[in-house]
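Listed in TrEMBL:
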- A:180-215: repeat 'PPR' (REPEAT)
- A:216-250: repeat 'PPR' (REPEAT)
- A:251-285: repeat 'PPR' (REPEAT)
- A:286-320: repeat 'PPR' (REPEAT)
- A:321-355: repeat 'PPR' (REPEAT)
- A:356-390: repeat 'PPR' (REPEAT)
- A:391-425: repeat 'PPR' (REPEAT)
- A:426-460: repeat 'PPR' (REPEAT)
Amino acid sequence: MCALRVPVSHCTMSIAIKCCCQLYRTNDAFALLGFCFRRSIVPDVFIFNALLDGLVHEDRILEAEMFFKKLIKELFKQMCALRVPVSHCTMSIAIKCCCQLYRTNDAFALLGFCFRRSIVPDVFIFNALLDGLVHEDRILEAEMFFKKLIKGKLCEPDVVTYNTMIKGALLMEEKGCKPNVVTYSTIIDSLCKDKMIDDAFKLLKEMVFQKGISPNVITYNSLIDGLCNLGRWDEASKMLQEMVDVGISPDVQTFNILVDAFCKEGKVDEAENAIDIMLERGIVPDMVTYNALIDGYCLRGEMSKAKIIFDSMVFRGLVPDIFTYSSLLNGYCKSLKIDEAMDLFNEITRKGLKQDVVTYNTMIQGLFRVGHCGAARRLFDEMHKKGLKPNECTYRVILEGLCNNHQIEEALSMFHLMGDSKLNFDIFMYNILIDGAGKCGKLDIARLLFEDITKMECDFPPNNVTYCVILQGYLKNQYYDDVEILLHEMDGRRYSLDATTLSLFLDQIAAGLLDKTLLELIGKLVPKELVERKTACFVPCWGWCQLRAPAVNCISFCFWICTCTLLHII
DNA sequence: ATAGGGTTAG
């Protein structure tokens, strides 16, 4: 193969090694492993397993044991010597390998290696470790590790994590150690937080009907919170009713969940209603209740009402905390009352409360909004001096602020600085910059950034927003060459157009800048749920269409309706 | 032992 220049891939080696092992020629397989290293082919868990399996087949158990112990050390030594980079992927494979071989302790040692090498473990690595513990019947340790992951926000658990934990709970029971309402509530709560509410209900059913364990007020609160966060209001109120029916009284936290959910939806009246019910039931609103309500008014820019709630809170003897001030600060900033915001910002320190990264982020954003870029930057420096570490949100706010104030070059240099400091920059940051560049008329920059993330091996592929903002950049700058390709790519990725992008398309088609044959393709990119909405709006919509673009025929009728709905024209 | 407040692109 080498003589014929047939490329020898990882797959080839994997097959060859497996083949040798099964033919009782493990020594030859080890020779091939050496070949892998020389060729910089990184062996994976299947290759290691084949080799170990081969040794075991040949009854070379001691060697297998030794091989395994050496494996990790040797592997890294060889890899380092050959300058094969020890990547995140290598560690992931090695850890998984250990776990599957009932060597979870070794796997945890490797986790330490990760931290020392500043390789950030991800959900796959944590899942492997959890699974390893469960496999070794170390369920309690698994449960502790799981809680540590959640509390320390070390990773976002995924469906595999939960399946492992559920499997663990079942295994626990088999061993005669029964999981109780706390075990189940812990898992249910994490499922709810991750919007996996249907799985949470599946687990609830299992808990109630198969294990005979009754949910408590905490279980209900978690479920109600999960439903509210998904906007599934009917089910949330059903749960609330069910809770009362089975004789569990909603407590202050239950109401706080409801108040907070109403406020976030902008339904402050309903939140006030909930507080009235609360008072009728003799439940005393606490700090969290007031903060939620204040935040609700601030989000709507109703600062005088927010202030009234603030006063009544103080009247009731509650001392406003950093959350209270932060909401008010956000409210003033959002309504562009920058002097009031600044006064409040200074008041925080006077009241003996500590400024944190959130209050700084809010204030910096506010200053950028009114164009006070210098003041915003000074605050950013001040934050540094105080030893407060800027987070991803800080950088987003600054990038967006600079872009909106036409300082795209500064934004770019800040972005590169972030890259050097190994801060996590993600698709959000790219979207902000692409959008900003497009708005500043720097389409070349927008295109370069877009190319950056569409070329192979980028950690984060462009998302729906990326496509929308790059398209907006193209349309605003009347550059149409790639528009159709981009739309096709969006279709292939099942992405959809948002209201802003749609309206830009509409306007330019109506103005004759873009060919109307694009409409069919655009129509495909309108979210389906909108197509099904309100047939009653057909008539006025059609009239509006003809008024704005008489040339449009009915191929894209649905598209037009959706556009109108999106733009709140009907 | 398990649950509830503040900042975040278009």
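Each Cβ is built from the backbone N, Cα and C atoms, and glycine gets one as well.
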Intrachain neighbours beyond the repeat 'PPR' (A:321-355), with Cβ under 8 angstroms and 6 or more residues off its ends: 287, 290-291, 294-295, 297-299, 301, 303, 306-307, 310, 313, 362-363, 365-367, 369-370, 372, 386, 388
Per-residue pLDDT averaged over the repeat 'PPR' (A:286-320), given as an integer: 95
Close approaches to the repeat 'PPR' (A:356-390) from elsewhere in its chain (Cβ under 8 angstroms; 6 or more beyond its ends): 322, 325-326, 329-330, 332-334, 336, 338, 341-342, 345, 348, 397-398, 400-402, 404-405, 407
Residues from the same chain, set at least six apart from the ends of the repeat 'PPR' (A:216-250), whose C-beta lies under 8 A from its own: 181, 184-185, 188-189, 191-193, 195, 197, 200-201, 204, 257-258, 260-261, 265, 281, 283
Positions whose Cβ lies under 8 angstroms from the repeat 'PPR' (A:286-320), at least six residues beyond its ends: 252-253, 255-256, 259-260, 262-264, 266, 268, 271-272, 275, 278, 327-328, 330-332, 334-335, 337, 340, 351
Structural state census, the repeat 'PPR' (A:426-460) (DSSP three-state): 25 helix, 0 strand, 10 coil
